[in-house]
Each structure stands twice: as C-alpha cells, then as structure tokens.
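J.: According to TrEMBL, the protein has these features:
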- 71-90: domain 'Helix-hairpin-helix DNA-binding motif class 1' (DOMAIN)
- 106-125: domain 'Helix-hairpin-helix DNA-binding motif class 1' (DOMAIN)
- 144-198: region 'Domain III' (REGION)
Amino acid sequence: MISFLDGTIESKGINSIVVNVNGIGYLVHVSSVEKYVITQNKQKIFTYLYIREDRAVLYGFLKSNERDFFKMLLDAPGIGPKVALSILAHMEPKEFQQAILEEDLNLISSISGIGNKLAKKIILELKEKIKGFKLTDTFLEDIPERQSFVYDGIEALKALGYPEKEAKKRITSALKKLNKSKPVELEELIKNALSKDT
C-alpha cells in the first residue's frame, strides 16, 4: 500500500496531478487541482490506493486526516471515490462533518452525485462515526502545507512588519492568484503578496 508520495508536481489535469518521485511519474486523482501548485519544491502527498477488480486508482490528499475522512466516506452506502471526492471538492471536511451532525439534508443533497435519498442514508450511516472524527482548523488549510517556500514567504512578510495573520492571508491570496501551469518562485510569491490587489 502506498501511504504517501514525496516529490514534485510535474503537471495538473482536470481532476488529477502527476507527482514526480525519483523520475517516476505517479498519476494521482485529487478533489481540486487548484489546491496544488507546480513547483520544484518537494511536496508530501498522502495517498489512498483504491483497488477494484481490474483497476487501481491512486487518490491524493494534502493532509493525512483528509485521507482518513475520505476512507470513512467510502464506508457509507452509495458513496464511491467519485462522490467522496465531490464532497471534498464541495466543502471542507469540517463543514461536511457539521452538516451531518446537524442533519442538514438540503446542504448534503446539493453536492453533485448526492440526491435526497442518498443524503438521508449518509446521515443515518455516518452520524455516529463522524462524531468522533477529529478535524482541526489550521491556517492555509487549502494549500500544500509542506511547501517550505510558503512558510518562507510568510516569514518574509512578518519581517517587513506584517502581523502573522495578515501575512498568512496575503500569502494564501497570492498563491491562488499564481495558480498556473508554470512553477512558482518565492520572489514572485512575495511580490504578489505585497501587491495592493492581494
């Protein structure tokens, strides 16, 4: 079983990325390619290998608890990898957890691939399990946390006098603006973070 990949992101597709690990490219399906940045910096991608009959698909996550959440979703009736990824693309795990606990049928059934009938089954099946699932609010939740240049960018802004909260906000915003097909460099990241439009 492949637990994680530690390499560079070579390219991004519609719903997948290619991770280069020592010259070998792994095709990894993800909930949202916008969360991943093409860069020469190594990134740690947590993975789950889904094997069914004649096919094996590798799914990737930024955090280990996001992967655990994905695996828990697969235990619910009617939820396969496609629907589980749709859930993670539609909302953060903590939001979905809250929706289950509050039995928010409208919100859950609004997710692509989940109708009213399936939403009821999911609530019934997961409500007890999801209570004990620990999800934490950490900054930069939606970007690769192990990209060292992200933290270097935050430290650079702090050195310029920005409060930590504002520095994190600016770096997050700059990363979203720079989400494109070419690698992101630290200098470019800081320059955009300092832009008035950020």
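Don't overthink the numbers, they just go from 1 along the chain as shown.
Quick reminder: no glycine exception, Cβ is built from N, Cα and C everywhere.
TrEMBL labels come from automatic prediction, so no person has curated them.
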J.: Report, as numbers and ranges, which residues of the same chain sit near the domain 'Helix-hairpin-helix DNA-binding motif class 1' (106-125): CB under 8 Å and 6 or more residues beyond its ends.
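T.: Counting only partners 6 or more residues beyond its ends, the domain 'Helix-hairpin-helix DNA-binding motif class 1' (106-125) has Cβ contacts under 8 Å with 75-79, 82-83, 86-87, 90-91, 96, 99-100.
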J.: With helix taken as DSSP H, G or I, strand as E or B and everything else coil, how many residues of the domain 'Helix-hairpin-helix DNA-binding motif class 1' (106-125) land in each class?
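T.: Its residues fall into 14 helix, 0 strand, 6 coil.
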J.: Sort the residues of the domain 'Helix-hairpin-helix DNA-binding motif class 1' (71-90) into helix, strand and coil with DSSP and give the three counts.
T.: 14 helix, 0 strand, 6 coil
J.: Looking only at the domain 'Helix-hairpin-helix DNA-binding motif class 1' (71-90), what is the mean pLDDT?
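T.: Mean model confidence (pLDDT) across the domain 'Helix-hairpin-helix DNA-binding motif class 1' (71-90) is 89.
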